[in-house]
Amino acid sequence: MLLEDFYNFLSLVFTVDEINRNPKILPNVTLGYNVYDSYVDLFRTVQGAVRIFSGNTKQYPNYNCDNYSVLAAVIEGMASSFSIQYAKIFDIYKYPQISFMSQEPLQSNKLYFPYFYRTVPSEKTLYSAIVELLKIFGWMWVGIIYPDDDGSINALKIIKNMIVENGGCIEFIKLVPSINDFTPERIKDIEQTIVKSTANVILVYGSKNYVYYLELNVHISNIPGKVWIHTADSSFRMFNSINDTNVNGSLRFILQKNENPEFIKFIKQVNPSRFPTGNTFTTWWDELCENRCPFNPRNRNCTGVESGRKILYSHCNLRFTGMSYIVYNSVYTVAYALHEMYQEIPLSERLRDRNKLKFQDLKGWKLNKYLKKVNFTNPMGQDIFFSDGEISLVYDIYNAIYYPNLSINSIKIGSFNYHAPPGRQIVLNKSAIVWENKFTKIPRSVCSESCLPGNRTSVRKGQPVCCYDCLPCPEGQISNQSDMAVCTKCPEDEWPNDQKTECIKKVIIYLSYEDPIGVVLTFIAVLFSALSAVVLGIFMKNRQTPIVKANNRDLSYLILLSLMISCLCCLIFIERPERATCFLRQAIFGITFAISVSSLLAKTLIVVIAFNATKPGKNLRKWVGAKVPKYIVFTFSCIQVFICIMWLFISPPSIYYNKQSEVARIIVECDKESAIAFYIILGYLCILASISFLVAFFARKLPDTFNDAKLITFSMLVFFSVWSFFIPTYLSAKGTSTVAVEVFAILASSSGMLCSIFAPKCYIILVKPQKNRKTFVLKGTM
């Protein structure tokens, strides 16, 4: 019997005595008990079960040799694997089995275990507690040690799956041999696996018996640099009794138990002579009192009768009394079920035979239905009832602290309530934990260090998912949490910050007056517009001079005015696009330039007609006059106006937010339909320019004074050159550069026309006034 088991035994004795003294429970009925050691051997455990049914120290299957006592139920505290075997035997004879130890999830199935009850929760609750503890500390890289039995193998599968589902990984899983199979080779193999492992957290799964023998043979608590998580509901004092040195940092899940002052008092007053169990009681008392209490069995003068007042007021360490409180509830559960059964016996039959009270006819299966619905409040004030054959309890989390004088202290550092809302199931005081000396702060247990936000994990080939490399997020993606496997793509109107940890709004850009290129283009546009106005002023001031009159001053005025407006319309390009401006910028340029080119065409065409009308046989005089040029300009300009109106009605312009051209900025521009309309407008201008070029070619032999053919030809060549280079440049440009290229092309073609046609005229008017005379003009025609 392990030392802690003696508390459980004493709790049984104490509880039965308390119930027998209570007249409100089972009046006139005395409960008794037989105690059998379950050992740690399955064969001997089964022998004990047969001995229970035989009612004798010997085993007689299917026979009961005890004629004086009646077996109501069996309360056991065995490991899950043994408890399951017990349940199979008890199911045959239909006797209730109440376990205060086994938490095997399989035993929750009432179809296979109809007579099994337990005053502890299913171990699935413990699995959840383990996973939550690992998550709260970020321990994603763990090792597992477990015993070689079917129950543990099933539990291992569940625990492993839960850890993996929550993002954790298992570095190693080590099978603990059976208790009688700890060979030196196996012990060395277990030790080397633990020492070489990179996992700083190791889960030790198994009952207290297995853990006890594991510690006894391997001394796992002596291995430094590890955090041990134990699932056995047992005190750390058990390990301290078999090790000379231990390391801090061990954590253990222990079912929450209320302290029963009456039971503590009972322990302190217990008389060893009541329990003739050889050396067991002596060892237990020595462990309990740590050689400091007045009654110390190691004292040769101790007779065993000094347990009275001296022990009552001693400082024995009674903080952990095993599963005594769970045993306490187990005994009361059976007692209340028997009481309900007893209450249903008619009073006349109860009084007929006071000695037997009909309990001689008790059958286990009859008690089963009363156990299912048992519901009571124990003397400690706790409500006890079964939910699907088990009781829900809270887990306390303890931390072991070992002192240089080989003493030990267990400190409660948290708790786990399975039925609490998610996120509040576990309560933990991290600052109260004492870690092993190797750790200067909370230990980490990861295969790979955490990937900071802005990076993503890339699992190493052939390794668990917890073993990964950190790679920066691709362009346009972020990760705002650590250890993200996939980066998140930013919305189209957002872009990652420099750290790629969050998406920020893209900067909205367009060609504006604040941009250097916008300032330059604005200056050029205003400059050439002003030059056009100056030339127009010069022509108007000198409108009566021969050279102005000879060059069709009305058409010259119209050309200069349209060129001035064409340059000014570039300012509409240098601002945030709107629906109106998207239409106006293309329409104004197209119409004004169409007026300019058609005016040049009309001017050249009239000169050609005028000189050819003087030739014999040519009937062209009717085409010579002031109205013909106006008709030509009006007609060709109206075609351009018609194109613009059709564009406005068929596919009106709209604003387009270009989010693809630049990674971190949104370009506000006119939609692609506006660009198509612009190409149509430009195509029409090219047709006009081509016609003007051909007409100018036919006028090359006219007198020099009236012949602007060379100048018009040159201006059209400038026009073709500019727009020929414009198209590929425009298509390859991105962002605000496309608008800048278009503005530059408009200014270049306008300035080319202004300079090539009007610069020579201004030169004569301003610098060579002697040539601006009628005699010189007439001389040039001869």
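Residue numbering: from 1, along the chain as shown.
From the backbone N, Cα and C atoms, a Cβ is placed for every residue, glycine too.
Curation plays no part in TrEMBL annotations; they are all automatic predictions.
The domain 'G-protein coupled receptors family 3 profile' annotation in TrEMBL covers 517-772. Positions annotated as transmembrane segment by TrEMBL: 517-539, 555-574, 586-611, 631-650, 676-699, 711-731, 743-766.
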Proximity verdict for the transmembrane segment (586-611) and the transmembrane segment (743-766), three or more C-beta pairs under 8 Å: yes
Contact call for the transmembrane segment (517-539) and the transmembrane segment (743-766): at least 3 Cβ pairs under 8 Å, seq gap 6+: yes
Predicted model, mean pLDDT over the domain 'G-protein coupled receptors family 3 profile' (517-772): 83
